[in-house]
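What follows is a set of notes on a single structure, which appears directly below.
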Amino acid sequence: MSQDTKVKTTESSPPAPSKARKLLPVLDPSGDYYYWWLNTMVFPVMYNLIILVCRACFPDLQHGYLVAWLVLDYTSDLLYLLDMVVRFHTGFLEQGILVVDKGRISSRYVRTWSFFLDLASLMPTDVVYVRLGPHTPTLRLNRFLRAPRLFEAFDRTETRTAYPNAFRIAKLMLYIFVVIHWNSCLYFALSRYLGFGRDAWVYPDPAQPGFERLRRQYLYSFYFSTLILTTVGDTPPPAREEEYLFMVGDFLLAVMGFATIMGSMSSVIYNMNTADAAFYPDHALVKKYMKLQHVNRKLERRVIDWYQHLQINKKMTNEVAILQHLPERLRAEVAVSVHLSTLSRVQIFQNCEASLLEELVLKLQPQTYSPGEYVCRKGDIGQEMYIIREGQLAVVADDGITQYAVLGAGLYFGEISIINIKGNMSGNRRTANIKSLGYSDLFCLSKEDLREVLSEYPQAQTIMEEKGREILLKMNKLDVNAEAAEIALQEATESRLRGLDQQLDDLQTKFARLLAELESSALKIAYRIERLEWQTREWPMPEDLAEADDEGEPEEGTSKDEEGRASQEGPPGPE
């Protein structure tokens, strides 16, 4: 009995996770670990693409460092093998959800071309060393099949880097170097096949002083290949068929390479210009407009300086257009991370709901003011409030010179004018002149945007009005009597509105009752009309009466029976 109980307990307990499952978790293809592993795979792939072909074409390089090459070869093979293990533990997206089932991941991977290429790149071709010797690195050319991992790593880096255009240029230069490197190796191998020093085109005889060194051999071949592929010329003419074929192939490669380089560089420059146009407004159109309208030189200079300040200091005025392609929630998170700290410093917005602040940051409009420019003047109607992000603003007198105070970064003004506070003695008018001392970056929040957001947060609106009232009390800008009068007027208006609503409800009820009575009367009238029509159809026509008189009276019993049946049937009722 105890044994059975023990067996059942063992079967019902869940299996313990294996160590392999803990050590090899499923990687997210868009995560950091997978990204850094791709960057690690760049080294063995680049090693094989650059060093392997060089060892195959330069025997001195292969023979001089054989032990080092064998160590590096099998280290790269180990990384190739680990890369396949990583591929078996890299999830994939299915309907937007990351699949972490290792069985499904493995079955999906083995059905792709990547699996066969990875497997072919690890074929143990080195076993032929037993027959041909270790100085035949061409047996390892199948390692080139892992090159797609290099391209994938470059694509991921281009997406993540903060300087994508610079990375594209660096990647293009790397491709150019690899092509010239391969071509120089093939040139040296062809020269050795044809015979060193046989003519002016091939590599000189290594027996000559200075040409026997490995460094000289590679640099000469690289220089010769650069001259050919850049179509600079100044190279000895070919003398044999093999040399002609090599030159023709290089010229065709140079034409395609030149077109590729020009296209890539044009694309990079165009993308840079497009990005600048998206971030900063186009000043050429404004300059042309000012010239056509004969704007005075001083004002034109101020406009040009404003545009120059934006571009030099990387200021942006159209953040909404830049982030318009992001989903709404993601755009809100970006705006919150950038502007929430600034908005939370405003006194009337403190202790407000986080969701309210997230809605407000989407409404902030960045503005840049140049030196001496007025942000607002006394007596202007206040339709927005301002938050100082960077720079200094002065509260000046009407003469524009006398300064009463200086506002710095993090301060704000105009917040009272966008909140309808009862008893506000200044109303929605500006009470001071605000002028920018230098270039100032501000955030603008309009009354309409605030009203739109607060319509969904009535409690927050009440809290903000209370805070604004406290601020006005401290500033002695609140008329308590006027506030009480406005409150009484509002209550009276609301009472009248409630009365009108009640009267409207009563009228609607009476109208519905009258409409029902009208429909009932119409139904009764229709029934009576239908009954009259039925009765008129039963009456005999005058011609029928005359014929009946000529033929004689009908039998008395029959006539009475028919009249009785007609009176009993009656007219048909309404359907």
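Cβ from N, Cα, C; glycine included.
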Topology question: in Swiss-Prot, are D32 and P164 both on one face of the membrane?
yes
May I ask which residues of the same chain, at least 6 positions away in sequence, place their Cβ under 8 angstroms from the Cβ of R430 (3',5'-cyclic AMP binding site)?
C376, R377, K378, G379, D380, I381, G382, G414, S417
Grab the same-chain neighbours of the transmembrane segment (249-273) for me: Cβ-Cβ under 8 Å, and only residues 6 or more beyond its ends, written as numbers and ranges.
165, 168-169, 172, 176, 179, 183, 225, 228-231
Take the C-beta pairs under 8 A between the transmembrane segment (39-60) and each of 117-135, 141-159, 167-190, 214-248. Which stretch has the highest count?
141-159
Taking residues 6+ outside the transmembrane segment (141-159), which of them lie with a CB under 8 Å of any CB in it?
35, 38-39, 41-42, 44-46, 48-49, 52, 56, 76-77, 80, 83, 114, 117-118, 120-121, 123, 125, 167-168, 171
Could you pull the average pLDDT for the region 'C-linker' (274-350)?
75
Tell me the Cβ contacts of T431 (3',5'-cyclic AMP binding site) under 8 Å, same chain only and six or more apart in sequence, or just say none.
K378
I need to check the long-range neighbours of the topological domain 'Cytoplasmic' (92-116): which residues 6 or more away from its ends have a CB within less than 8 Å of a CB in the stretch?
26, 28-29, 148
